[in-house]
Amino acid sequence: MGSIRLDEISSIIRKQIEQYNNEVRVGNLGTVLQVGDGIARIHGLDEVMAGELVEFGDGTVGIALNLGSDNVGAVLMGDGLMIQEGSSVRATGKIAQIPVSDAYLGRVVNALAQPIDGKGKISASEFRLIESPAPGIISRRSVYEPLQTGLIAIDSMIPIGRGQRELIIGDRQTGKTAVATDTILNQKSQNVICVYVAIGQRASSVAQVVNTFRERGAMAYTIVVAETADSPATLQYLAPYTGATLAEYFMYKKQHTSIIYDDLSKQAQAYRQMSLLLRRPPGREAYPGDVFYLHSRLLERAAKLSSQLGEGSVTALPIVETQAGDVSAYIPTNAISITDGQIFSSADLFNAGIRPAINVGISVSRVGSAAQIKAMKKVAGKLKLELAQFAELEAFAQFASDLDKATQDQLARGQRLRELLKQSQSAPLTVEEQIATIYTGTNGYLDIFEIAQVRKFLLGLRFYLIKNKPQFGEIIRSTGTFTEEAKALLEEAL
């Protein structure tokens, strides 16, 4: 047996001590006390922030919303079927954020901005917080450019400007989504990026909208964020904020964007479900006390940026569903008070065959004519007045049997004006076509036609102007005014 050399052993031990690296990791950990209905109650996580992302043992991610003295209430962003009582939870130290890039255009994503259209990954190097603060007063300027929807009733009487928030409100099945999708289709040549957020809708309805966009070439400038009816409430609640974050990315790059939330009633219901399960005290209609803030912080992110920030814009068109035309319910009144005007779609008009079924009498745009070109202002003023007088007369005429000639003429004119506001779905009109149509109606050129012939005549007129009088459209597009020359060209055509 060889002798043990102490100096050798001591040098080996010294080397081992020098190489020893004890890495200390401090983790904010917790244990699941209870899980179910998309909610987990967690013991521990002493230093977690409100809204922080937490990760469960099975990889499911949640958001810490309720911070109690002895436990934390978190909502799950997934089904969480593998989470059990006693499972470990780790605080990530991050607030919910999503990747953003131009590569999102033409894609369908979920509330976490992950693609769900089967077209592979989306490359992005930049991240933005889902809950970003809205631009301040100094960062904004007043709305002054029109956002053309392609619908005569809206562009002439309820004009929408870039950076505005215009609510679309009405009962189910009255064409609210059709107004929104037509607006997206009309942005094809307007250099506006569109974001369509589907919240709690049937998957078949969302697929139909996406197909329409694909067929009409609108997906090239559109992003669809979809969380369908079978998605967890947490993701339905997050989807609008994800859409707003994607739209803001383009706004700060000096581009114009338009975002449609379809619809915010479903988001409020998802938030109510989460809040009740988290045992937050219910308020009116069982909604939590902060449901107003839920929508106000979302819609305040729509803005027209100042010239120092590049004059980008986000125009928000939120949709809210009413029950039997009751606009005095909680969510509709909240949305009306937050937005800069509302477009009412009426079930009575829809059933009477007037499409789009927009009730022009009670719809309003608080930005108003600031968002119209001069040519439209000139012809549209008369239209609104004549339609208002017609609505009044029509109600009166139901009781009167013998009407004088002037009243009969006014009623006949009103019926023809109402006819010219009718439009097929997915058939938006250019500004010059709208101006020609309105001028024709308000100046009595349609009075000689039967009501059934009005739309046929207008179709012929638009076709004739494009083919034989292209200068008419060029004048309006280039100058934005209804000049004497344009008027003469139109009257020649008539």
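Cβ coordinates come from backbone N, Cα and C, glycine included.
According to Swiss-Prot, the features are:
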- Gly170, Asp171, Arg172, Gln173, Thr174, Gly175, Lys176, Thr177: ATP binding site (BINDING)
- Ser363: site 'Required for activity' (SITE)
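Everything Swiss-Prot records as a feature, shown here on the structure.
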| residue | record | DSSP (3 states) |
| --- | --- | --- |
| Gly170 | ATP binding site | strand |
| Gly175 | ATP binding site | coil |
| Ser363 | site 'Required for activity' | coil |
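Between the binding-site residues Arg172, Lys176, the minimum number of other C-beta atoms within 10 Å of a residue's C-beta occurs at Arg172. For the pair formed by Gly170 (ATP binding site) and Ser363 (site 'Required for activity'), distance between Cα atoms is given as 11 Å, rounded to the nearest Å.
A simple way to gauge crowding: the CB of Gly175 (ATP binding site) has 21 other CB atoms within 10 angstroms, across all the protein chains here. Comparing Cβ neighbour counts within 10 Å across the recorded positions Gln173, Thr174, Thr177, Ser363, the minimum falls on Gln173. Shown in sequence order, Glu321, Thr322, Gln323, Ala324, Gly325, Ser345, Ala347 are the residues of the chain, 6+ apart in sequence, with a C-beta less than 8 angstroms from the C-beta of Asp171 (ATP binding site). Thr174 (ATP binding site) sits 15 Å from Ser363 (site 'Required for activity'), taking the Cα positions as reference. Residue environment of Gly170 (ATP binding site) contains 27 other Cβ atoms, counted within 10 Å of its Cβ in all protein chains. On a Cα basis, Gly175 (ATP binding site) lies 15 Å away from Ser363 (site 'Required for activity'). Of the chain residues outside the ATP site list Gly170, Asp171, Arg172, Gln173, Thr174, Gly175, Lys176, Thr177, Glu321, Ser345, Ala347, Phe350, Ala357 have their Cβ within 8 Å of the site's Cβ mean position.
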